[in-house]
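For reference, the structure discussed in these notes is given below.
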Amino acid sequence: MSLVANLVMYLHTKYNLDNVVSANVFNIWSGSCNIAPLFGAFVADTYVGKFYTLLFSSIASLLGMGTLTLTAGLHELTPSACKGQTECPQPNAWQLAVLYSGLGLLVVGSGGLRPCNIAFGADQFDTKTEKGRAQLDSFCNWWYLLFTVALLIALTGVVYIQTNVSWILGFSIPTACFGLSIIIFLLGTKLYIRIKPQGSVFTDIIKVVVATCRKYGSNAGQTSGKLFYDPPPIGSESQTAACTDRLKFIDKAAMIMDPSEVDSQGKPTNGWRLCSVQQVEQLKSVVWILPVWITGIFCFIGMNQMNSFGIFQAIQMNKAIGPKFQIPPAWMGLAPMIALSIWIIIYESLYIPQMQKRNKNESGRLTMEQRFKIGIVMSVLCMVVAGLTEMKRRNSALKHGTFESPITVALLVPQFALSGLIEAFAAIALMELLTVQWPQSMRTFAGAVFFLSLSMASYLTSLLITIVKKVSGLNGNSSWLGGNDLNKNRLDYYYYTIAGLGVLNFVYFHFYARHYLSDAAAVENSENQVNSDTEKGCRSRDTERGL
């Protein structure tokens, strides 16, 4: 986490990359870290299991962290320091190759660690017993507590060392800690319960798509009176997807159109031509939730800006507290955490009890639709506040003729806090929707899809930066983004552009996507699909903090 929190600062100061390049590298790398769990979950569920996936991904992460530590310690791996020149020395090809190889190894590590970390821990407990459920809940609480403590240490102590003492020391500390964690993990090798791979829902979904395409045009639209392949659930899979009448064209994948499609035991002769009804319903549930998923992606675009351009704003503001102490720019990342924590306390301790008393409602909670709408509004407000703050910062710096504005960095707290509230409303609502709406067999897939939404937001942010830079610089105009000095840019215009996209996102959700949300909730309630067991709560909290 200490590497993630300060990566933009590292690229900017050690590699002399300008603001746009640094932001794009961070967004592409962050997006890759969030899309990798799709492949990691597939490999773990289908081939090697969670234990070896965790082990191999941990080794990859350690190698990646070690590579970045070497770039901080060996001067040959970074360009010469920029000492006030207009054109700073840029890294050559092999220096960038070493940097990107280290970041690539961290992507590989994230692909295995994120989907398997909590899941492997949950495998160690027998949730069929009351004692096992209590132990799992205790494990989740301790994991959550230690993750929060580690995050606070990373964002305060380690980041401070990196920024004000030494990059190599600041990178060596988390690298050494990670190496120690692998040793501790291996000490329990003979004690762990290892569940064998049982196949992945990814494969099932692809099979349904292929089977639907192969049967396209065969008795088009005639599904009544046909036999469907609908075997009983296998093993302990007690929770299955609800059978629905939506997206009927996909039903063809489970339709037995020729007796030769099943053998003498009633099983498919070709799983890529005939799928089960449950496999079909899994794909339906994924397709049906896509409109709401898109809404979440555009909410996250606003949240992403604070990790890059928000840090650049902090770099060019007054960070002094007293005559000697300077606030590291990455410390601004504490504001979203604090805002999210305060809201959760208010929501759970004050809002819900008051609503239960006033309306005599058993839950007293905000509906899923309300939380999504509030999250979208927060994303718009975050960008508007960020734009107004940047305009004030830039005008002050130009007025005094300085690189850093004399305005205190504390002025950035509102926009960072609003980014935390985007997470509190939209991000947690999306994770809850994916977890509750889809059956238990798709829970790992739900976590991977959630991280995929973060990945898409990062990639779209990078694309948006590139488009804005090129379009705003047409006809000889000064580009809104670029270079190492925000005073020469119009970052506020860029923020307002994203705010405009947020307004369009609200209109899209209100008039279109929210209807799919209501339909999904209706299907869930009719089949009593809601599952509030301990494992779900554990994974939800893991994803919430993993943001």
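Every residue, even glycine, has its Cβ placed from backbone N, Cα and C.
Automatic, uncurated: that is what TrEMBL annotation is.
Feature annotations, courtesy of TrEMBL:
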COMPBIAS  533-547  compositional bias 'Basic and acidic residues'
REGION    528-547  region 'Disordered'
TRANSMEM  20-44  transmembrane segment
TRANSMEM  51-73  transmembrane segment
TRANSMEM  93-113  transmembrane segment
TRANSMEM  142-161  transmembrane segment
TRANSMEM  167-188  transmembrane segment
TRANSMEM  286-303  transmembrane segment
TRANSMEM  330-351  transmembrane segment
TRANSMEM  372-389  transmembrane segment
TRANSMEM  409-433  transmembrane segment
TRANSMEM  445-468  transmembrane segment
TRANSMEM  493-511  transmembrane segment
Look at every Cβ pair spanning the transmembrane segment (20-44) and the transmembrane segment (167-188), keep those 6 or more apart in sequence, and say whether at least 3 of them are under 8 Å. no
Take a look at 93-113, 142-161, 445-468 and tell me which one has the most Cβ pairs under 8 Å to the transmembrane segment (330-351). 142-161
Do any residues, 6 or more residues outside the transmembrane segment (445-468), come within under 8 Å Cβ-to-Cβ of it, and if so which ones? 20, 23-24, 27-28, 30-35, 37-38, 40-41, 114-115, 200-202, 286, 293, 296-298, 300-301, 303-305, 308, 430-431, 434-435, 438, 480-481, 494, 497-498, 539, 543, 547
When counting C-beta pairs under 8 angstroms to the transmembrane segment (372-389), the leading stretch of 93-113, 142-161, 286-303, 409-433, 493-511 is 409-433
Can you name the far-off residues of the same chain, 6+ from the ends of the transmembrane segment (493-511), with a Cβ under 8 Å from a Cβ of it? 292, 294-295, 298-299, 301-302, 305, 309, 372-373, 376-377, 379-380, 383-384, 386-387, 390, 464-465, 468, 472, 480-481
Considering the transmembrane segment (51-73), which listed stretch of 93-113, 142-161, 286-303 counts the most C-beta pairs under 8 Å: 93-113
Excluding the flanking five residues on each side, which residues at least 6 beyond the ends of the transmembrane segment (286-303) place their CB within less than 8 Å of a CB in that stretch? 205, 246-247, 250, 372, 375-376, 379-380, 382-383, 419, 422-423, 426-427, 429-430, 433-434, 437-438, 449, 453-454, 456-457, 460-461, 464, 498-499, 501-502, 505, 508-509, 512-514, 516-517, 519-520
